[in-house]
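Quick notes on the structure that follows.
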Amino acid sequence: MNAPTPDLTTSDTCIDSRFTVPGMRCAGCIGKVERGLSVVPGVAAARVNFSAKRVAVSHAPELTEDAIIEELRKLGFEAERAADNPLGRDDAETKRLLRALAVAGFGMMNIMLLSVSVWAGADAVTREMFHWISALIAIPVIAYAGRPFFSSALMALRYRRTNMDVPISIGVLLATGLSLYETIVGGVHAYFDGAVMLLFFLLAGRVLDAMMRSRARSGIASLLGRMGRGAHVVQPDGSTQYMEAERLAPGMVMLVAAGEALAADGEIVDGRTNVDSSMLTGESDPRPAAVGDTIHAGMINLGNPVRVKVTAAAQDTALADIARLMDEAGQSRSRYVRIADKASRIYAPAVHSLAFLSFCGWMLAGAGVYHSLTIAVAVLIITCPCALGLAVPAAQVVASGALMKRGLLIKDGSALERLAEVDEALFDKTGTLTLGEPRPVDLAPLDPRARSVALALAQGSRHPLSRGLAHALREAGTEPAPLDDLAETAGMGMTARYDGQDVALVRPEVETAGLAVDLLIGGERTRMAFADPLRPDVRETIAALDAQGVRSGIASGDRVEAVDAVAATLGIPATGGMKPADKLDMLGARVEEGHKVLMVGDGLNDGPALAGAHVSIAPGGASDVSQQAADAVFVGERFMPVALAIRVARATMGIVRQNFAMAAVYNMFAVPLAIFGFVTPLIAAVAMSASSLVVVGNSLRLARAAGREDAA
Amino acid sequence: MSILGFLIPLALLMGLVGLGAFFWAMKSGQFEDLDGAANRILIEEEDEEDQR
């Protein structure tokens, strides 16, 4: 991005493309990708963004994106073209808040410098001058840094509601106005430092909140993109061209390679294959498809490359119905009120009436408008809602950071709050309880030599079966054998020579019931069957959930027999053969009974349920739609992050409640002082920083607690 | 006290310089890739092709 662009010899009309490369894990990878790409003819510059797992390539228009992906593959990295980040709007929001925080910090430090001299007993002339300088700094700073609060408060008032920002805005504006008056008449007490400090602390809370969201979302965005976002369309001259899903139209012919997802509904016109429709229906067994069969957007081609004539695209696909259901289901979620807002519904009226009452009280006592107003402002400032504005996000950021290390990305704080309330969990089967990828059922028939040959063959191919086999073999500690003449024949398999013998990994010549491949070494043929296994720690996870009082159940779209088999092994109730709308109805029934349900699912068919559940989690291998609908995404093969998420969420809410309690105790002592007029700007500043530090410190304990669980 | 006439503007100026530097850093993408920057120091540079 900010890399110096090397001079270009070919042309100066470069285009920029972005790719996600999830496999970059170390410094060596950065160097390898950047150096490897920069020597490719037509590439002007390549710059890796390691945090986002992306690489930005500036290249000549002649070089296609597919060619670059191919180059990356030769370097040993799987890559996908990165679409515009659908969740990227938060970035601008975070930056806006960071700028406001920086300005508030600048103002706070300078005003505090002047205030400390005033408190130290500067004489009248110096004090007046310092008050004027403070005013000159504070007013523009408050106007700039206070905007996020003012605009949100205005918005709330316009809809006749209150939120956190209303008491904050009123407090800050009143304090500023009064201090300005104080400065003009040459008074003793100006609260500029208090007002700016309040903004600074609260902005720090907002920034933390926004950073948590954007960090998790960029993590999720780097997982997106494997689903059919576009297709290779066969041109009249026989070549293929990549087109976005929106531009596909009925009548076009798509070439769908093995492992690719369909971007539109269509009819196979050439080739025969197996398709995996688990994303769409939850069905776990791949089904064969041949010329004349209709296959739908969202299905994944597991077998051979096929040509598919588009019959329905974009809005008309089977997917679009699911999207409509999701929209409707998602609306119930938006009614959830966050804990800070809930608290502020009690807090704001209480603080405002207290301030108003003390104003009235002092008026009745004959103190005069000006003096009474000073007291009222002191009450508003001293009841600084830092516990609400800073403590909640601080606790949630710490919790989400701890969860992220354990492989669970939480999209926002509200998700953590909702997770803590869950008392029932519903799981999808295929891809959620199971891995969602074919793995060899049994490696036992292979001796060590066969294993290393099989690994060497399998790792050369992107075919889902090869990838599953390679993964399983690597897990078993196999090293690849050195092969010569490695070649891949599309639709057949991999061939090579090893130790003077022909070796091959090919599909069986006869039709088999499930998925299988044959390993040939010399004349020896070994058949390996593939299945979609359960995640390794599903049983432990369900036990852990049970211990936390969360009942589990399965809601799957797969055949009833297949679902019952899994339910029996795990010992939890299950329902099979469900359509997306059925899952939603099931959730609705549970809600009627007063349960708060956690939905965990990966497929497109789970989308409506994910959007409609009280809170939802999707695995990293889930469809884009599901990952965007879910509140959190877990990566890796282990299922335990789901149980961990609930435990950490509950611990977080415990801390948040402690913080509220501390704030209440603090207010019990501070408010009477303010009401009886003992609070000066000095006391306000000390009390405010002290209370903020206490709640933040308390929130940080959560990191220790999460760390202990790490060790356990 | 006349020293104040010098020190206060100086303090403000230094604060503004810091603020300006922070704004510049944000705008020019210094915070875009924090993990990457930490890792890049480990990459061995090859002299003939000075790629960063």
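Just so you know, glycine gets a Cβ as well, placed from its N, Cα and C.
Computed from a predicted structure; not experimentally measured.
Here TrEMBL flags A:15-80 as domain 'HMA'. In the domain 'HMA' (A:15-80), the DSSP tally of helix, strand and coil residues is 22 helix, 20 strand, 24 coil.
Sequence annotations record features per position, and here TrEMBL assigns transmembrane segment to A:97-117 (among others).
The feature transmembrane segment is assigned by TrEMBL to A:129-146 (among others).
Annotated transmembrane segment per TrEMBL: A:166-184 (among others), in sequence order.
Residues 94, 97-98, 100-101, 104-105, 107-108, 111-112, 115, 118, 131, 134-135, 137-138, 141-142, 145-146, 148-149, 168, 171-172, 175-176, 178-179, 182-183, 377-378, 381, 384-386, 389-394, 396-397, 681, 684-685, 688-689, 692 of the same chain sit 6 or more residues outside the transmembrane segment (A:190-208) yet have a Cβ under 8 Å from a Cβ within it. Residues or ranges marked as transmembrane segment by TrEMBL: A:190-208 (among others).
Summarising the annotation, TrEMBL assigns transmembrane segment to A:346-369 (among others). Away from its own ends, the transmembrane segment (A:346-369) comes close to residues 162, 164, 166-167, 170, 375-377, 379-380, 383, 385, 388, 671, 674-675, 677 of its chain (Cβ-Cβ under 8 Å, at least six residues beyond either end).
Listed as Cβ neighbours of the transmembrane segment (A:375-399) (distance under 8 Å, sequence separation of 6 or more from its ends, same chain) are residues 164, 167-168, 170-171, 174-175, 178, 191, 194-195, 198, 201-202, 204-206, 208-209, 211-212, 339-340, 343-344, 347, 351, 354-356, 358-359, 362, 367, 410, 413, 416, 648-649, 651-652, 655-656, 659-660, 662-663, 666-667, 670-671, 673-675, 677, 679, 683-684, 687-688, 691-692, 695-696, 698-700, 702-703, 706. For A:375-399 (among others), the entry in TrEMBL reads transmembrane segment.
The list of residues near the transmembrane segment (A:660-679) in space but at least 6 beyond its ends in sequence, with Cβ under 8 angstroms from a Cβ of it, reads 343, 354, 358, 361-362, 375, 378-379, 381-383, 386-388, 391, 687, 691, 694-695, 698. The feature transmembrane segment is assigned by TrEMBL to A:660-679 (among others).
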Tertiary contacts of the transmembrane segment (A:166-184) (same chain, 6+ residues out, Cβ under 8 Å): 128, 131-132, 134-135, 138-139, 142, 146, 149-150, 153, 156-157, 190-192, 194-195, 198-199, 202, 344, 347-348, 351-352, 370, 373-374, 376-377, 380-381, 384-385, 389
Across the domain 'HMA' (A:15-80), average pLDDT on the 0 to 100 scale: 82
